[in-house]
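Database features, via TrEMBL:
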- 1-44: region 'Disordered' (REGION)
- 1-10: compositional bias 'Low complexity' (COMPBIAS)
- 97-121: transmembrane segment (TRANSMEM)
- 99-669: domain 'Major facilitator superfamily (MFS) profile' (DOMAIN)
- 136-153: transmembrane segment (TRANSMEM)
- 165-183: transmembrane segment (TRANSMEM)
- 189-211: transmembrane segment (TRANSMEM)
- 223-246: transmembrane segment (TRANSMEM)
- 266-285: transmembrane segment (TRANSMEM)
- 379-398: transmembrane segment (TRANSMEM)
- 528-550: transmembrane segment (TRANSMEM)
- 557-576: transmembrane segment (TRANSMEM)
- 582-604: transmembrane segment (TRANSMEM)
- 616-639: transmembrane segment (TRANSMEM)
- 645-665: transmembrane segment (TRANSMEM)
Amino acid sequence: SLDAVTTYGTYGEGGGPDGYGYQADYPSQEEDAASDATEGHDEEDQMYEGEYQGIPHPDEVKAAQRALVTDTISDLEELSEQYEDIMEDCGHGKFQWTLFVVLGLALMADGVECFVVAFALPSAEKDLCLSNAEKGMLGLVVFLSMMVGAFLWGGLADKLGRRRCLMVALAINCVFAFLSSFAQGYSFFLFFRLLSGIGIGGTVPIVYTYFSEFLQMEKRGEHLSWLCMFWMMGGIYASFTAWGVIPRYGWGFSMGSEFQFHSWRVFVLVAALPAIMSLVGLTFMPESPRFLLENAKHDEAWMILKQVHDTNWRAKGQPEKVFTVTHIKAPKTAEDEFIEIQTATGTPVQRWAVRSLRICKLVCTWSNVASLLSAELRFATLFMAIIWFCMAFSYYGLSVWFPDMIKHLQHEEYESRLKTFHGERVENFQFNFSLENQIHREGEYIRDKFVGIEIKSVKFEDSLFEDCLFEDIRSTDTTFENCTIRSTIFYNTDLWKEKFIDCRMENNTFEHNKHGCHLDTTDENDVLVYLVSFLGSLAVLPGNIISALFVEKIGRVRIIGGSMLISAGCSFFLLLSFSQSAIIALQCLFCGVSAAAWNGIEVVTVELYPASKRATAFGVLNALCKLAAVLGSSIFASFVGITKAIPILLSFTALVCGGLVALRLPDTRQKILQ
């Protein structure tokens with residue numbers, strides 16, 4: 001490797017006959033500025049006052065700035081073309097496939113994160129004593145934290161590096177996902193899931209940016225589309241593990257009444273495995289050479305490109321093929337020079353502080369976002385923002401609406417089987433069978449025993465209980481309203497004062513009753529919930545395959561526009577569906593078609609922006625996507641049980657608008673990554 005570095009040459013020298021040498025013979029900036037400033041003037045013109053003090057003329061400063069910008073643009077264009085030639089010379093092989101798996105696991109972790117809280121919530125709400133407002137906040141914090149993470153890590157990845165930021169983001173996700181599984185209170189669980197979401201929010205913008213910079217133009221669209229399949233695999237993994245772990249209530253332990261570790265907590269731990277595996281894999285992967293070249297780190301970039309080249313050709317059985325590149329042109333921006341000047345003096349701590357402060361200002365200010373609205377990027381950013389928002393609003397809104405609507409239909413069917421008992425009188429009887437979905441009005445229960453049974457969705461109204469025994473009772477959604485309860489013993493039950501509404505209690509005994517919330521061992525996690533999510537994730541597979549195979553032949557723009565318009569048609573047909581099976585079938589069709597649109601959107605986002613702004617743009621657009629997801633899921637869920645016309649029409653309108661805007665995008669199939 002020492003010999004290879006020796007042949008690298010100096011930055012002003014050209015390469016050999018087979019290399020990608022570059023001859024840079026520019027005049028100095030001072031000469032350019034002077035010639036530009038004096039052009040069109042004669043010697044008899046009035047002399048600038050500040051010249052005596054050595055102060056440059058304002059026109060000279062402007063001319064120097066224009067020259068620097070012109071040179072930088074020229075250098076970037078040359079770098080883009082040369083980099084594409086180098087990637088073609090490196091080929092597509094073992095290195096890219098290894099990186100494909102490692103980054104795919106990170107994308108899979110993002111997909112899992114979207115389902116973890118939803119699957120764990122039915123059990124967690126009993127274990128953590130959650131109110132409806134607290135459950136809603138848990139669901140909301142997932143997308144809000146991922147929105148913050150996407151914005152933050154996208155900007156940082158353009159300043160600090162793709163690999164470094166992705167590793168830190170995944171590490172944050174793993175640590176706080178682990179801690180959340182042990183959190184015994186709602187506040188700590190919410191806080192840990194918030195930080196976990198901020199970590200995993202950076203995966204999508206970084207993964208696509210990182211992987212695209214190791215792909216040649218003819219492979220880019222296809223392999224980025226194949227990478228999208230891992231998000232689908234995340235949904236399948238989450239559904240499968242939730243179904244396999246959460247109902248196994250024996251998979252846990254407790255340490256007194258203060259510390260409980262039930263099966264849903266095991267699921268939270270298992271859900272973090274893809275992120276852990278990706279984090280381990282990234283330790284063996286290099287930084288993006290394109291990022292290094294953008295930051296004038298020529299030697300490191302050259303060594304990594306040589307590693308890619310040698311790895312691929314060695315795996316193809318041609319180890320003798322030599323990496324012939326001797327020099328790569330990399331522009332040095334004014335921003336780089338500023339940071340170098342600021343960090344060249346002072347103590348190590350001061351230099352670190354200056355650099356950190358500079359990076360924070362670049363990433364955490366609106367100027368970072370405003371750079372995406374420059375003259376050359378303004379329309380691309382506006383169009384992509386509309387497309388991302390419309391697609392996310394409809395996709396995530398309907399993703400919440402589908403299972404909620406199915407639950408609503410199940411509830412209606414359940415209520416239709418409600419049994420009502422009026423004026424019954426039961427004496428000296430032992431109830432040894434469960435009571436479910438019943439209403440008992442004006443009944444009398446004298447010296448009866450309710451032992452070792454479950455009472456689920458039962459309401460006792462205006463009834464009398466006298467000399468009765470309730471022992472080892474588990475209840476769900478059960479109340480006693482306006483009843484008289486006299487000389488009755490409650491032993492080891494969960495029947496507390498909240499269950500007795502406007503009741504007269506006379507000489508009753510409560511012993512060894514269950515305190516606070518408890519986790520029922522009944523199947524409160526309906527298998528249909530997991531099945532619907534599993535089928536929705538699996539239905540993405542055909543869309544992924546079709547988009548990967550035809551993204552280069554048909555084009556990204558047609559795939560995005562066509563898929564969004566077809567998805568709009570699928571959502572419209574929901575108006576004609578009135579059964580669970582019809583809704584599930586349309587959900588699968590909608591998810592499958594939407595997958596093709598998502599793939600095209602992500603590929604185009606990578607290709608429209610230059611390397612210095614690629615991750616930032618992806619992060620901003622992905623943050624907008626999560627905001628749309630919050631709005632869509634909240635609005636659509638509010639209409640469940642009221643009307644389905646409004647959510648469907650909102651989804652239809654958004655998809656049609658997004659699809660029509662997508663058709664105005666430029667075709668980027670033959671575009672070299674800038």
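Positions of Cβ are set from backbone N, Cα and C atoms, glycine also.
Bear in mind that TrEMBL entries carry predicted annotations, made automatically and left uncurated.
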With Cβ-Cβ distances below 8 Å as the criterion, list the same-chain residues six or more beyond the ends of the transmembrane segment (189-211) that contact it, or say none.
99-100, 103, 106-107, 109-110, 113, 117, 124, 128, 134, 137-138, 141-150, 152-154, 156-157, 162-163, 165-166, 169-174, 176-177, 179-180, 183, 223-224, 227, 275, 288, 602, 605-606, 614-615, 618-619, 622-623, 626
Paired segments the transmembrane segment (223-246) and the transmembrane segment (165-183) in contact, 3+ CB pairs under 8 A
no
Given the cut-off of 8 Å on Cβ pairs that are 6 or more apart in sequence, determine whether the transmembrane segment (379-398) and the transmembrane segment (165-183) share at least 3 such pairs.
no
Among the ranges 97-121, 136-153, 528-550, 616-639, the one whose Cβ pairs under 8 Å to the transmembrane segment (266-285) are most numerous:
97-121
Mean of the pLDDT scores, which run from 0 to 100, over the domain 'Major facilitator superfamily (MFS) profile' (99-669)
83
Which listed stretch (97-121, 136-153, 528-550) has the most C-beta pairs under 8 A with the transmembrane segment (616-639)?
136-153
Is the transmembrane segment (528-550) packed against any residues at least 6 beyond its ends, judged by a Cβ distance under 8 Å, and which are they?
111, 115, 118-119, 122, 222-223, 225-226, 228-229, 231-236, 238-240, 242-243, 399, 402-403, 406-407, 410, 559, 563, 584, 587-589, 591-596, 599-600
